[in-house]
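Student: First the structure, which I've put down as structure tokens, then a few questions once you've had a look.
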Amino acid sequence: MGSLFRSETMCLAQLFLQSGTAYECLSALGEKGLVQFRDLNQNVSSFQRKFVGEVKRCEELERILVYLVQEINRADIPLPEGEASPPAPPLKQVLEMQEQLQKLEVELREVTKNKEKLRKNLLELIEYTHMLRVTKTFVKRNVEFEPTYEEFPSLESDSLLDYSCMQRLGAKLGFVSGLINQGKVEAFEKMLWRVCKGYTIVSYAELDESLEDPETGEVIKWYVFLISFWGEQIGHKVKKICDCYHCHVYPYPNTAEERREIQEGLNTRIQDLYTVLHKTEDYLRQVLCKAAESVYSRVIQVKKMKAIYHMLNMCSFDVTNKCLIAEVWCPEADLQDLRRALEEGSRESGATIPSFMNIIPTKETPPTRIRTNKFTEGFQNIVDAYGVGSYREVNPALFTIITFPFLFAVMFGDFGHGFVMFLFALLLVLNENHPRLNQSQEIMRMFFNGRYILLLMGLFSVYTGLIYNDCFSKSVNLFGSGWNVSAMYSSSHPPAEHKKMVLWNDSVVRHNSILQLDPSIPGVFRGPYPLGIDPIWNLATNRLTFLNSFKMKMSVILGIIHMTFGVILGIFNHLHFRKKFNIYLVSIPELLFMLCIFGYLIFMIFYKWLVFSAETSRVAPSILIEFINMFLFPASKTSGLYTGQEYVQRVLLVVTALSVPVLFLGKPLFLLWLHNGRSCFGVNRSGYTLIRKDSEEEVSLLGSQDIEEGNHQVEDGCREMACEEFNFGEILMTQVIHSIEYCLGCISNTASYLRLWALSLAHAQLSDVLWAMLMRVGLRVDTTYGVLLLLPVIALFAVLTIFILLIMEGLSAFLHAIRLHWVEFQNKFYVGAGTKFVPFSFSLLSSKFNNDDSVA
């Protein structure tokens, strides 16, 4: 938790890598994930860097592996994924691996090409057999005539044509037969009629079964056609039209004997093709199964090798071109591991001269490194979505672990809904090692990544549901109500007390639709409910009024405490960066302004709750009126909450008024005095540099990175650094804007926390409406079929509860909780202007196959 409170101390290290050991050293660093490399070749194009050839080789290997994975998936062969990630391949094995993969690719492409060719031939032969079978039905004559006109028996019997004319026509008859897509038949026929001007006779028949297209592989419906024409020119036109409509044209036999011979030959060839195709597929599957055993490790190895060469391209060579120089950011705590990794890489390469490192001082801002685990990672991502924390500033994620699910639960307070959410998150946590959860759809994967957030959100919702005493909009009476209805009846009290109290009798109960419990009557109110809200309020008509008052005050209290805590965290930042003047001139005035107004409001709320009981609540003054009178100084005196209230409030207002000019002018005037009193403004006593930032505070402290076990000490700052330009007007304007924003933000941010009350009220009302419209109707059915009606009612109630109250309302409360943390809480102390530490780590490479048959 210590590292989660503040980012780790970083140092800039210079690595000296021998050319022969650089690959092995970076492989060892990638396995450990210790350092973030700086690009020392920013001015060099990516195509002109030293190891661009090796990167292209890795990309070529990736292309081959993607092809292999696609073929393996196409063959429905499972891809084994190992639990342990294989190391990067040694350099001496890279060429061998490349040759193996290229040879395997050539073999697979050749076998696949032959298989596709065989399959295409087989489909064409099957189409040919279907065409012969169907066109045989077009022939209506059993006696063979001349082959050029045997398909037109009607020509002989036509009274308009004599036999000699038929012979002249028959001498020029021709036939085109084949198959055409079902959707193109109508257009094909119209085109033939218009182009050939009626000099064709077309016969169609639909195939009973769908066939696979040899070209596209799509299974579609086909029509067999037979076109009879006369004239060579008409024949050329018919063939061109068939080509335009992508018809599959096959030779048409002239005689029945020729048809039989072709049919027998086709059957033989089809059987032979089936045999050859099966053997080819078996061989292809054997090759793919053998390739599938090692493709996972090959993919990971190639990706690691490519990542290593990308990092090597960020290094520079020394003057002798025998040593690579790299600059890396490394946490102080990992320096020893970094040295051991370099030694390990040098030892594996067998180099005589080991690689080594050196710590170099720098004035640059280091990246922010915050160590997380699977529990804290989700909360850290919420903070980083707003902005990565500046180097060494307080990290809000440590406190967000508790405050975020708690504020969510305040808006989502329902025992039943929270318990359902808790069970769902618990199921994800218990099955977090299941491989399918990481490969699920994006929405489910998002739930899985935030499983611990959901777990705490559900757990805290159970707690707030107990406080609100809400379980699916109904109250639970666990300890017995603190209110006694029977004590209101006149029969419960002596006759002498009847005139002093407003009691009930049978007539009052019959003639009044609304009855009021009086806590001043003895025995009516026996004390507060042990846990949460008394269940009797669920029956009261003024329940909403009571809950609104309670939740509104609770929202204000939580909001002011949350914001005050943010200001206090800012003090830790000032102490760490040794800017104590910010504590006295910024943080303390901010705290005084906040506490003297809104802190006093919390005091009045708690004072009224503690001093005035249920019996004396009638005479309790209004907090709203008292708070308004605090600023108006009315002439008419009120009773007030306590003695001396007026003097206390005036003192608080005076302190508030005095804190505002200090907040506006204190820091700029102090910096002006500091500037005039020193010849060099850039350095303070601890060697921290004061640099002004444009978007944040004009002055912030950045430590000189002399952190190699205290060996480097900061000498005279005025001799080391140039003096910074001091602009008093800009500093004053920045501080004035910040002060105005803070003073107005105290009011607007406090009002913003009222969303806790608003969303809690909305959630409770939606739950109540859903219960009233479904469950209440189903439970009131007292017929013999009531049980049958109750089952679909419960099912519908469960579905609407999940989709409306859990998902939609939960998402709304989640977004509002994020806003309260980002805006109202973090702007009190969190700058969020840093850069995230992105280590060179092989663990960041995905080890799962994606839907595109690759590993991302």
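Every residue gets a Cβ built from N, Cα and C, even glycine.
The following feature annotations were taken from Swiss-Prot:
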TOPO_DOM  1-393  topological domain 'Cytoplasmic'
TRANSMEM  394-412  transmembrane segment
TRANSMEM  415-431  transmembrane segment
TOPO_DOM  432-445  topological domain 'Cytoplasmic'
TRANSMEM  446-475  transmembrane segment
TOPO_DOM  476-549  topological domain 'Vacuolar'
CARBOHYD  Asn484  N-linked glycosylation site
CARBOHYD  Asn505  N-linked glycosylation site
TRANSMEM  550-569  transmembrane segment
TOPO_DOM  570-587  topological domain 'Cytoplasmic'
TRANSMEM  588-608  transmembrane segment
TOPO_DOM  609-651  topological domain 'Vacuolar'
TRANSMEM  652-671  transmembrane segment
TOPO_DOM  672-739  topological domain 'Cytoplasmic'
MOD_RES   Ser695  phosphoserine
MOD_RES   Ser700  phosphoserine
TRANSMEM  740-764  transmembrane segment
TOPO_DOM  765-785  topological domain 'Vacuolar'
TRANSMEM  786-824  transmembrane segment
TOPO_DOM  825-856  topological domain 'Cytoplasmic'
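Help me understand the surroundings of these features in the structure.
Tutor: Below 8 angstroms of C-beta separation, residues 1, 4-7, 370, 372, 376, 379-380, 382-383, 418, 453, 456-457, 459-461, 463-464, 554-555, 558, 562, 565, 569-570, 572-573, 576, 755-756, 759-760, 763, 809-810, 812-814, 816-818, 820-821, 825-826, 829-830 of the same chain, each at least six residues beyond the ends of the transmembrane segment (394-412), sit close to that stretch.
Sequence-distant contacts of the transmembrane segment (415-431) (same chain, at least 6 residues past either end, Cβ-Cβ under 8 Å): 409, 437, 447-448, 451-452, 454-455, 457-466, 470-472, 476, 767, 801-802, 805-806, 810.
For the topological domain 'Cytoplasmic' (432-445), the mean pLDDT of the prediction comes to 77.
Same-chain residues lying 6+ beyond the ends of the transmembrane segment (446-475) with a Cβ under 8 Å from its Cβ atoms: 374-375, 378-379, 382, 401, 404-406, 408-410, 412-426, 428-429, 432, 437-438, 440, 529, 531-535, 537-538, 547, 760, 764, 767-768, 770-771, 775, 801, 810, 814.
With DSSP classes pooled into helix, strand and coil, the tally for the topological domain 'Vacuolar' (476-549) is 26 helix, 4 strand, 44 coil.
Non-local neighbourhood of Asn484 (N-linked glycosylation site): Gly523, Val524, Phe525, Arg526, each in the same chain, at least six residues away, with C-beta under 8 Å from its C-beta.
Across the topological domain 'Cytoplasmic' (570-587), the DSSP tally of helix, strand and coil residues reads 15 helix, 0 strand, 3 coil.
Listed as Cβ neighbours of the transmembrane segment (652-671) (distance under 8 Å, sequence separation of 6 or more from its ends, same chain) are residues 581-582, 584-586, 588-590, 592-593, 596-597, 600, 630-631, 699, 726, 728, 731-732, 735-736, 739, 742-743.
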Student: What does DSSP give as the helix, strand and coil breakdown of the topological domain 'Vacuolar' (609-651)?
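Tutor: In the topological domain 'Vacuolar' (609-651), the DSSP-based counts are 23 helix, 0 strand, 20 coil.
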Student: Between the transmembrane segment (550-569) and the transmembrane segment (786-824), do 3 or more CB pairs sit under 8 angstroms, pairs being 6 or more residues apart?
Tutor: yes
Student: When the topological domain 'Vacuolar' (765-785) is classified with DSSP, how many of its residues are helical, how many are strand and how many are coil?
Tutor: 15 helix, 0 strand, 6 coil
Student: With every protein chain in view, what's the tally of Cβ atoms within 10 Å of the Cβ of Asn505 (N-linked glycosylation site), excluding that atom itself?
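Tutor: Asn505 (N-linked glycosylation site) is surrounded by 12 other Cβ atoms within 10 Å.
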